[in-house]
Each structure stands twice: as structure tokens, then as C-alpha cells.
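Look at TrEMBL and you will find 2-83 tagged as domain 'GST N-terminal'. TrEMBL lists S12, H41, H53, I55, S68, R112 with the feature glutathione binding site. As annotated by TrEMBL, domain 'GST C-terminal' applies to 89-221.
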Amino acid sequence: MSNLVLYTLHLSPPCRAVELTAKALGLELEQKTINLLTGDHLKPEFVKLNPQHTIPVLDDNGTIITESHAIMIYLVTKYGKDDSLYPKDPVKQARVNSALHFESGVLFARMRFNFERILFFGKSDIPEDRVEYVQKSYELLEDTLVDDFVAGPTMTIADFSCISTISSIMGVVPLEQSKHPRIYAWIDRLKQLPYYEEANGGGGTDLGKFVLAKKEENAKA
């Protein structure tokens, strides 16, 4: 088995998505923490590893893979016992790819749009239009969940990506269960995974709490 090193920060949703994938595949990761808030990602040694200075980054015996979706696809393709998490069938794979792009282009992008102003720019508010932007993403996910999982009737890496973001943002921008019953049912299904809490649950909750605490701290500054 390869020595898999993941440069990561557990608070980060994309990093947790990779952790979920590794757990699902039964892979052990040597985790090296990169703290974005203290500038670890801007240090020369890390920039050399990833010129885009983002996390997560996977080092598989010298093969460097960046970007969470690329890492998840790589891990399933190379180490998966089957293709259930990332199907080889072109139609099924297209649905997974579509959901991955939805996560990065809509769910994560809108979360980041709100969180960055608090974490990196010292703001103490989230403008109403930005809240509505997130609420619209909830509506889109609700409408997407026509099956038990985001890309069909079975769980895939797209679920890991989407849940890593949703579990983080819902602690800051409330997700009403009465309006989004499909999302809550989907969350409950994923929570049944024996590795869910370790790989994602705690980190998702902690990120939401961290953002709210930082928001209060900024208001007092």
C-alpha cells in the first residue's frame, strides 16, 4: 500500500470530503495540517508543492494531486475495489460529475462568499442578499435530491463533497427542515456511515461555530 500523505485542515469542507472518501475506501492517510489562517499555505515549501496554494493536496509516493474532486476521483480510480463511488458507466459518471460541479460552483462558492468576509476581512455581518444566495442554493439542492443521493440511488463521492459544505454552512445560514425535507433525509442517511462523525460531522459543526465566534469577535473590534 502506498504512503498517502494529505495536506489538510479538518475545518475545511474540501479536505473533509477527501477524508470521507478515504474512509469509504478503507485507506489510511498521514495527515499534515496546513493552517490557512496563519498562512501555512503561503510558505515557500507548500507553494512549491501546490503553486495554487490551496488545500487539500495529496502526495501519493511523490505523485502530487491537488483539488478535492480530483483527489477523490484519483483515490477511487486507483484504490477502489469497485466503481460504485465513481461509476465508469458514462451516464452515471456524468451525473456524478454534474453534482461535483454543482458543489464547487454553487454550494461551496456561496459558502465561501459568506465565510471569507468574516474569516479574512474582519467583517461582522452577512448581508441579506448573501444569505438569500445561500438559501437559493439550499432550494437547488432540495430540488436535485430526486433520489436518495445527489447523483442517483446510490452514494458516490458527490455526496461526500456536498455534505462537507452543507454541514458547515447550515450552522451559519439556517437550513429549515420544513422547507428542505429531502436534504434532511439525505443528511440522516449519510450520518449512518460508521466513519461519518470522525471524517466530517465534527468538522462541519466546528467550522460553523468558528465562523460565528469570529463574527462576534469582529463586532467587538
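Note that Cβ sites are derived from N, Cα and C of the backbone, with glycine treated the same way.
All annotation found in TrEMBL is predicted automatically rather than curated by experts.
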Pairwise over S12, H41, H53, I55, S68, R112, annotated as binding glutathione, what's the top Cα to Cα distance to the nearest Å?
17
Which one is it: of the binding-site residues H41, R112, which Cβ has the fewest other Cβ atoms within 10 Å in this structure?
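Minimum Cβ neighbour count within 10 Å, taken over the binding-site residues H41, R112, occurs at R112.
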Mean pLDDT across the domain 'GST C-terminal' (89-221), rounded to an integer, is what?
97
Minimum Cβ neighbour count within 10 Å among the binding-site residues S12, S68: which residue?
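Each of the binding-site residues S12, S68 was scored; lowest Cβ tally within 10 Å is S12.
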May I have the list of same-chain residues other than S12, H41, H53, I55, S68, R112 whose Cβ is within 8 Å of the Cβ centroid of the recorded glutathione site, in sequence order?
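The answer, listed by sequence position, is L9, P14, C15, I34, L36, T54, P56.
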Can you tell which of H53, I55 has the least company, meaning the fewest other C-beta atoms within 10 angstroms of its C-beta, among these binding-site residues?
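Among the binding-site residues H53, I55, the lowest count of other Cβ atoms within 10 Å belongs to H53.
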Where DSSP helix means H, G or I and strand means E or B, what are the helix, strand and coil counts for the domain 'GST C-terminal' (89-221)?
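DSSP classes over the domain 'GST C-terminal' (89-221) add up to 96 helix, 2 strand, 35 coil.
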